[in-house]
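First comes the structure, then the notes that go with it.
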Amino acid sequence: MQRVPSYISRSVAGSYDNEAVAIFALIFTFYLYIKTLNTGSLFYATLNAISYFYMVCSWGGYTFIINLIPMHVLLCIVTGRYSSRLYIAYAPLVVLGTLLASLVPVVGFNAVMTSEHFASFLVFIIIHVVALVYYIKGILSPKMFKVAVTFVVSIGLVVCGAALAVLIALVASSPTKGWSGRSLSLLDPTYASKYIPIIASVSEHQPPTWPSYFMDINVLAFLVPAGIIACFLPLSDASSFVILYIVTSVYFSGVMVRLMLVLAPAACIMSGIALSAAFDVFTRSIKFQLPGATENFERDAGETSSNSVVAQNDVAKTEKNEDAVKERPSKKNRKKEKENVEKPSVKSQIKKKLLILPLEASIIAIFLLVLLGAFYVVHCVWAAAEAYSAPSIVLTSHSHDGLHVFDDFREAYAWLSHNTEVDDKVASWWDYGYQTTAMANRTVIVDNNTWNNTHIATVGTAMSSPEKAAWEIFNSLDVKYVLVVFGGLVGYPSDDINKFLWMVRIGGGVFPHIKEPDYLRDGQYRIDSQATPTMLNCLMYKLSYYRFVETDGKAFDRVRRTEIGKKYFKLTHFEEVFTTHHWMVRIYKLKPLKNRIRGRAKKSKSKASSTTSTKRIGMKKKNPWH
């Protein structure tokens, strides 16, 4: 499990996240649930609730547990697999687990007030109704049982109806019906892009591609279907839970690439089951065909056959004890003859049961499985070294002339640290907020932990607005510097121009005058000569492409693979103060008000002063976001 790239991405040094702890808590909770389901022990049930509390403390994905386990319990009830062990495994988890979860400050009363937890309470009521029905069935006659079941079911329906009415009343006032935005994004993949673009804008929240599956789980993707088939032979409470786990995790990973982290342990479990079943068949096939192995199998088969015969005739022997004593010698002879007759048939049955394969095929198959495992380990080590162990702030690129290192981010943050005042504020898109705070020691407007959607929308609106309107917005936020990331010169695709439409969508969600169609030409996002005037005049375009034509004379964007539409322009409200060596990070400073006034046509001092005072008064009264 610890070799899976999905897990490594959250646990390596420099990228350690709470999911590294949470995945252990997730799997340990599932393990204790299955352990309780198999043993019916209250001790393991208590440990299961404590493990669930540990999961709640570590990650918000604990709602996956409190919905998956009720789904499995309901599946067992519907398929007629209810037992006291199932009740012991589930009831303490809901009661004790919910009480412990409510102690976590971040969760609090959300453990009983949000829709993510309602399924567990509904199944909790259902399992008690079923338990009461089974209890009544054991103490009443069949006729009285029918009457009692009718009464219990009626009362249960009334209680469930009342509970549903209360739940509906609690969530009716919420526009999302008590569900969080991320939960709705998982249930409806189109929800975030329609209503919460700030969630959809995160790269981790995008749907994965097929190469993502091959990168993260690699050969496990081919072993998972075999593991699912093995779980049906035979189907038990534990194996049905594992099947439900893999099915739900595959769905959620298909909605959000970040949840490949949840699929990884399920894929490992299923692959382990498949490999275990395969090795069992191949090794027993080899063992059965080794010299001297046939006699052992025949002896075991004979003992099994005689035991079964004795078990079947045990009642008859008890009833005819006296006759059996008298006829013992002749019966022994008949037993020996019967064993000699039955040995070939028992041996053939064992062969069919164990799926005996040819010796050479079994040896080759085992060798190929070992080779497959070794190949998977090599892939995981490579992924850990190349994809997840490199620092995200220092970028590298391999080409025909060797290794290239792009240290532009550290170069820009060092410049901010040494050339700006300590109390200066820096505006950028929220992706770079943590880095700017940690490495440049400067205050940022938004960062990776900003929960206020209006705050992020304000920065998005400024980036989407013309230069003058953007200056007014940033000036009202007391911003001194604006930082943009640009990859058009070196071909860095994760730059602000590629992220710009999300700024437009997030800004337009709060400020209606920002409209996405204004930045699109015939539904296409363009920065070339066919780009819209709104796009060519917005602040993000100007800060990214200012003086870009000086690099090669053509202003060819290597990421968008086209020449830009507006090559020659000047900045009137911002001034460039620093651009890194590869042009990946560009820093601009807001011009003070008096500098912008001097750049205009010459006027009389009195007229200029009156105009300046009028503008200052107007700026105080005017809301720059409308």
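Quick reminder: no glycine exception, Cβ is built from N, Cα and C everywhere.
Just so you know, TrEMBL annotations are computer predictions that nobody has curated.
The feature compositional bias 'Basic and acidic residues' is assigned by TrEMBL to 316-344. Among the features that TrEMBL reports, compositional bias 'Basic residues' is placed at 617-626. Annotated domain 'Oligosaccharyl transferase STT3 N-terminal' per TrEMBL: 4-270, in sequence order. For 423-482, the entry in TrEMBL reads domain 'STT3/PglB/AglB core'. Per TrEMBL, region 'Disordered' is recorded for 298-344, 598-626. Sequence annotations record features per position, and here TrEMBL assigns transmembrane segment to 21-46, 52-75, 87-112, 118-136, 148-172, 213-233, 240-257, 263-282, 354-378.
Residues 30, 33-34, 37, 64, 68, 71-72, 75-76, 81, 185-186, 189, 203-208, 212, 224, 227-228, 231-232, 263, 266-267, 269-270, 273 of the same chain, all 6+ positions outside the transmembrane segment (240-257), place their C-beta atoms under 8 angstroms from a C-beta of that stretch.
If one looks beyond the transmembrane segment (118-136) by at least 6 residues along the same chain, the residues whose Cβ comes under 8 Å of a Cβ in the stretch are 66-67, 69-71, 73-74, 77, 82, 86-87, 90-91, 94, 98, 112, 145, 148-149, 152-153, 156, 159-160, 163-164, 167, 178. Across the domain 'STT3/PglB/AglB core' (423-482), the DSSP tally of helix, strand and coil residues reads 33 helix, 8 strand, 19 coil.
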